[in-house]
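Working notes for the structure below.
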Amino acid sequence: MSQQGYVAAPPYSQSQPGIGGFSAGFGPPNSSLHYGHYGDPNSSYSAPQPGVSKSTVPFGSSAPAGPPPPGTHQFSQTNFQNGPSTPGQQPHRFQGPPPPSSTGPSYPPYSHQSQPAYPNTASTSPTAQLANQLNSMQINSYGPGTTPSSRMSSGHPASFQGPQLPLPTQQQIALPPGSQVPPPANNVNGLCAQPSLPPVARQDGIPGPVPPDPNLQQLSGQPPGPGYHPQPANYGPQMAGSQLSYPGAFPGGLAQLPGPQQKKLDPDSIPSPIQVIENDKASRGGQIYATNTRGQVPPLVTTDCVIQDQGHASPRYIRCTTYCFPSSSDMAKQARIPLAAVIQPFAIVPPNETPLYVVNHGETGPIRCNRCKAYMCPFMQFIEGGRRYQCGFCSCINDVPPFFFQHLDHIGRRVDHYERPELSLGSYEYVATLDYCRNNKPPKPPAYIFMIDVSYRNINSGLVKLICDELKTLLDKLPREEQEESSAIRVGFVTYNKVLHFFNVKSSLAQPQMMVVSDVGEVFVPLLDGFLVNFQESRSVVINLLDQIPEMFADTNESETIFAPVIQAGMEALKAAECAGKLFIFHSSLPTAEAPGKLRNRDDKKLLNTDKEKVFSTPTRDCVANGCCVNLFLFPNQYVDVASMGLVTMYTGGTLYKYNNFQLDADSPQFLSDLRKDVEKKTGFDAIMRVRTSTGFRATDFFGAIYMNNTTDVEMAAVDCDKAVTVEFKHDDKLNEDSGALIQCAVLYTSISGQRRLRIHNIGLNCSSQLADVYKTCETDALTNFFAKSAFKAILSQPLKMVREILVNQTAHMLACYRKNCASPSAVSQLILPDAMKVLPVYVNCLLKSCVLVGRPEIPTDERAYHRQLVMSMGVADTQLFFYPRLLPIHSLDLKGDTVPGALRCSEERLSEGGAFLLANGLSMFLWLGVSTPPELIQGLFNVPSFAHISTEATSLPDLDNPFSKKLKSILEHIQSRKPYTMKLIIVKQREQPEMLFRQFLVEDKSIYGGASYVDFLCCVHKEICQLLS
Ligand SMILES: [Zn+2]
């Protein structure tokens, strides 16, 4: 098979004015600069302060020692111990009904089609190439010298070759790749001087109508909507900020050429993330994906399929950056591909997939390797007639406990293989014994404490009443085990401003009782009995309380609040009740009242990411140690120091929600939906996670809403279905290609009913001494997740500029290594991308443009901190959508079918005056309406006669009884359904002010804050690659 992946021809081969400046900033490749080498691994996101300890449980272990004895490999490429070769013929009694086509390996091994390079036949003179790039034809038309076959299409060799044009006369400087290019005038060392603010109002940036886009039609399968008139393209300056740069920006040569005559490179000729998504959907969507093969690359996270566990954890639980690890550390250093797994241990599985089986060995507890403490799993090899087993992780030979003994069949497999989840499945649970519990006592069911800021503003805005009213019905929906009638979770209530009010809601009381704690310096819990109650038993007292709270504080004029003592109070209450739990804190303002954790208005960029944020390290430590998860609902109308306040939330596995300038009418639906989802979420409490690996490599770094007190135990006061931990691995020896790289993730936790359990996820990856094998099995979405989290962690301890440089440098390095070692020989001027990574540059560019990494002074520090914290706990599906939003044309809906229209690339060029487009990134959602949107569509969606009548105030669409409205509503629901945050719908009319906000999400374009366009960034990366290769 050809190793050739994606091939680019001349347009990318040239130095560009501006890009040279960029490269100067990056300098020569520095092999010591890459993620995973971000300084001290314990410096930033590990424990704010050591010293916390959880109860000792037999969870940890010594590191595995010694290489495996020869000749004992469990796996080989052709003989899988692990997957049934004929599952249909085997009793499989714990497995749900087999899906229709489960009589064999249901999914062929994933392989990439070979992608022969398209040789560059056009002129390669540097000047001509630069000229071509700068002066390429109008979109959708081809200049002489280019054949239409070079356009990207599904399943075809991907090649992007710019149209060839006569030389422009104005271009005189064109340097070969790798040479020094004079930086633009305003650059210093490749980085632009601090620019002034871009004008917010846009006078001239409205693009003209866009010609019909064949890509759009092809993807959506729909003709353009009515009122859609093809017109010549007229691309003026894209946005007001398009001429600006900022520190660390990529001053693209293209965008720096002023004037309306500027032309752009055909964006259809560079790798399209949408095309990659659609191709995977077409080839793998709707199928059954069986996890019976080690090192198998799963369908993309954007592809719907049914996953069948046949020995390796479902990709819903674990996704890896590559499914084939390099066999040596030298090879790993050469490629610099991060070796990481994104683990979402409590991910939701759809109803048509089997939930996890629970294994109960009674008092004996789970079976574990004596040496490395790994849990019994499909990677254990039974020997000596079944009396002993060899650990797949450390190779230790263990005796099989008598109760667990079973004979082996003719191929050496236990005859009960398919009857035991722990022998044949990638994921399952164990009931834990008392040894795994705090103080060797069975845990109590968790508790939820609702803590409401009742200061003047919250009372006055109606927020307090809204929360209280909602809780009356919401408390009936507390999560419970399937088999149980009601929830075991107890509830408690606290209100606060400058002081704390605890409420006794014991069922025997006629009226709730309030106890005030005014000594906030030394918070104590004034009552034990009657504070945490079963809602069903205390229903009337609790409802009574919720009715009274808004009235109780109706006349308050207290505007100051406390915060740290609130957390302290909640934590102490859980501690006193000897249970884990969640705090739901509803807070509005900067806690300025005199109390521990008092914050000042320090919206000062210089202070961000410094030790000032350690204010909450003590409460954080205490919360984690006591299994107290902090969920924070913030309603700020000014700076509230999210970086500090959100820390406790982050380290305790909680979720941070933020509603800026909360307006009761407009924002209640979003907030209440978030609250409901969070209260109803299935969650594991008081959790500790351990990742074990087979010999030769180990987990070295962890990213997520977690707390690390040592280098191996990942502590989470709680972990819910949406939280993912990204784990980076490093070699410490050579890996064995036969036995592969095995990973076992074990999460010890307390269930919602108070049962102590272990959730085990196992996955096996391949190893190879061929770099091409590593590149072939990479997953861009998982790589993006890793890069996002490692960069967002790094900014706490390193200058932003350096973090950005490392990202670009590592991207270029990975691609250059592929080019050098895996691709067929070709001209240096060609950009050649591995197929599995061909859209990595666009994602890395999106990441660099995120408000966290863009480093613009006009981005509020609270916003940066908020986004940073959200991303740190995201799984792969969430980061994919967050960094590359979904853009859907909704003017051409298939009103009869239940299909969602095909997505479009996030660029202004995909919009049209006559169209309506929906954009969502998991946090924000926009409905953009072109000025010529057909009146019938407007009528159908808004019940108003024309564009001018549409109100952009609304945050939802009216419920109308017509096909347009119903269809769009169902699409909105579909997009929202799997996302942890509720997206508020923002209606944007073309050429009106809020359009600026919307345009920030068109991530392939140059951004308002100066972030490079995809095209420009690709040029930069190519230049870096050329320098690395030269
Ligand atoms: Zn072992």
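Placed from the backbone N, Cα and C atoms, the Cβ positions cover glycine too.
TrEMBL: automatically predicted annotations, no manual curation.
The feature compositional bias 'Polar residues' is assigned by TrEMBL to 41-59, 73-89, 120-153. As annotated by TrEMBL, compositional bias 'Pro residues' applies to 96-108. Taken from TrEMBL, the feature compositional bias 'Low complexity' covers 109-119, 161-177. As annotated by TrEMBL, domain 'Sec23/Sec24 trunk' applies to 443-679. Per TrEMBL, domain 'Sec23/Sec24 beta-sandwich' is recorded for 684-767. Among the features that TrEMBL reports, domain 'Sec23/Sec24 helical' is placed at 780-879. Marked as domain 'Gelsolin-like' by TrEMBL: 900-971. The region 'Disordered' annotation in TrEMBL covers 1-272.
Secondary structure of the domain 'Sec23/Sec24 beta-sandwich' (684-767) per DSSP (helix as H, G, I; strand as E, B; remaining residues coil): 0 helix, 55 strand, 29 coil. According to DSSP, the domain 'Sec23/Sec24 helical' (780-879) comprises 70 helix, 3 strand, 27 coil.
Averaged across the domain 'Gelsolin-like' (900-971), pLDDT in this predicted model comes to 93. Across the domain 'Gelsolin-like' (900-971), the DSSP tally of helix, strand and coil residues reads 23 helix, 12 strand, 37 coil.
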